[in-house]
Each structure stands twice: as C-alpha cells, then as structure tokens.
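Quick notes on the structure that follows.
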Ligand code: DX5
Ligand code: ZN
C-alpha cells in the first residue's frame, strides 16, 4: 500500500434500499420483483404506538423471504423492541430499533449485542429531533446507524436537510476510528436528496415513494445510486 492510499478515507459503500411501505401490499412479491437491482429491501414495521401508524408485523415481513435473495433490512418503529426485535434477528439480515424506544444507551447496547449474537446486523435509529451525541462514543457497538430525515410513521414526507449535521458527525467519528458502521438515511430520499446525503457521508439510502408507485422503479434505484455515489466521491 502506498502512503497516499494508506491515508485516504476508506472506500465508501452506496447501498439503495427501496422501502416496501410505498409498495402495493396486495402484491408484495410482484412489487419487489420490480427492483432486482436494489441492494437491500427496507421493511418498515410500525406498531401504532411508537409511531401514529400501523403497518405490518413479523408474518408479513417473513412472507417476503421466499421471494428474494436481497438483504432484508428491518426498521422497527415499535415500543418494547427488547421483546420483539430478537424474533426478527433470526430471519433478517439487519434489524434496526429506535434509541427513543429503549431506556437509555446502555439498554440499546445490550439489545444490540443480543441481536448480533443471533446473527443479524444490529442497527440503532434516531428521530429528527434526537441528538446523535449519545451514540458517538459507542459506534462500534452497532453495525448501522439509521438517521431519520422525516418524522417516522409515514412515507411521502419532505426531507429535513438539518439532520445532515448528524450524518457529518457520524461520518467523522466512524472514519476517525476506522469503524465499519454504516450510516443509513430514511425519509424523503430521491435523486437530489440522495446526493446531499452522499456528500454528508451516508452509505445506505432508503427510498419509498420515489421508487415504488413510479412507473420505472428499477431505473429510480439506479438513478439514486448514481447521484449518491457521485456526491460521495466528490
Ligand atoms: C417512514 C419510514 C420510511 C418510509 C420512507 O417512517 O421509516 O422508511 O418508507 O418513505 P419515503 O421515501 O416516501 O419518505
Ligand atoms: Zn424506514
């Protein structure tokens, strides 16, 4: 390795994860077949308590498994993740719960270790008004940090650019410590906001309404990836 490559930032990942929340629930297998080029598929589980909306639970999420080999990325917007998240850990490649849904960062670390022990990548998510600082000293305990760029609960909301300060703080610390923790952004992502997010340091881009419900979902995925990767390199 040359000195120049040794001092360069590690190669950044660009992962696009369409959210099935925006898909036709009556035809989920057909919907995910429209995005074979997606790196991950994002699965939003809402309980009507942690967020003011109800989506679906474990049986519906599991029904996708026979229909794809893609990485299934579960986002739990639920109360009491200690009770439910382990059930998801056995079947899904990544399971993310909310910091606001557990007692404190110590409880989050305990749950994360449990999830990792069950063989899944563990993720921690924060809502737009939750500060990132409590996470910064513990990033090695999580495989991904999901920064919400809308209030969780519904698709189709406008991207909140102010959350990118949290992404920059995460990127700086992850790079400084040489960690492999991924930064995921969720809410209001399309080509332009993916580019803004890529420039700030995001690795994983969740996109619901800008992919499903459009005429050309696969093309939308590729466009988001291109915008994000180009901005991340600049
Ligand atoms: C919102 C969910 C998102 C949602 C994003 O609470 O966590 O994953 O599907 O939808 P869009 O991309 O339409 O903002
Ligand atoms: Zn989500």
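Placement of Cβ uses the backbone N, Cα and C atoms for every residue, glycine included.
In TrEMBL, annotation is done automatically, which means it is predicted and not curated.
Per TrEMBL, active site, proton acceptor is recorded for 44. The active site, proton donor feature in TrEMBL is assigned to 186. The substrate binding site annotation in TrEMBL covers 19, 75, 153, 154, 155, 156, 186, 187, 188, 208, 209. Annotation comment: TrEMBL describes 42, 44, 75, 186 as divalent metal cation binding site.
Annotated features, which come from TrEMBL, shown on the structure.
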| residue | record | DSSP class |
| --- | --- | --- |
| 19 | substrate binding site | strand |
| 42 | divalent metal cation binding site | strand |
| 75 | divalent metal cation binding site | strand |
| 153 | substrate binding site | coil |
| 186 | active site, proton donor | strand |
| 209 | substrate binding site | coil |
### Query
Considering only the recorded positions 42, 44, 75, 186, which residue has the minimal Cα-Cα separation from residue 19 (substrate binding site)?
42
### Query
In whole Å, how far is residue 75 (divalent metal cation binding site) from residue 155 (substrate binding site) when you measure between their Cα atoms?
13
### For the divalent metal cation site built from 42, 44, 75, 186, further residues of that chain with CB within 8 A of the site's CB center
17, 19, 21, 43, 73, 74, 77, 96, 146, 206, 208
### Task
Measuring Cα to Cα, tell me the gap between residue 209 (substrate binding site) and residue 186 (active site, proton donor) in whole angstrom.
11
### Query
Which recorded positions from the set 153, 155, 186, 188, 209 come near ligand 2, judged by a Cβ under 6 Å from any of its atoms?
186
### Query
How long is the line from the C-alpha of residue 44 (active site, proton acceptor) to the C-alpha of residue 75 (divalent metal cation binding site), rounded to the nearest angstrom?
5
### Query
If you measure every Cα to Cα pair among 19, 75, 153, 154, 155, 156, 186, 187, 188, 208, 209, the residues listed for substrate, what is the largest value in Å?
17
### Query
C-alpha of residue 186 (active site, proton donor) to C-alpha of residue 42 (divalent metal cation binding site): distance in Å?
10
### Message
Around the C-beta of residue 188 (substrate binding site), how many further C-beta atoms are within 10 angstroms, looking at every protein chain?
### Response
23
### Task
Work out how many Å separate residue 188 (substrate binding site) and residue 42 (divalent metal cation binding site) at their Cα atoms, rounded off.
14
### Query
So which one is it: of the binding-site residues 19, 209, which has the fewest other Cβ atoms within 10 Å?
209
### Rounded to the nearest Å - Cα separation of residue 42 (divalent metal cation binding site) and residue 153 (substrate binding site)
14
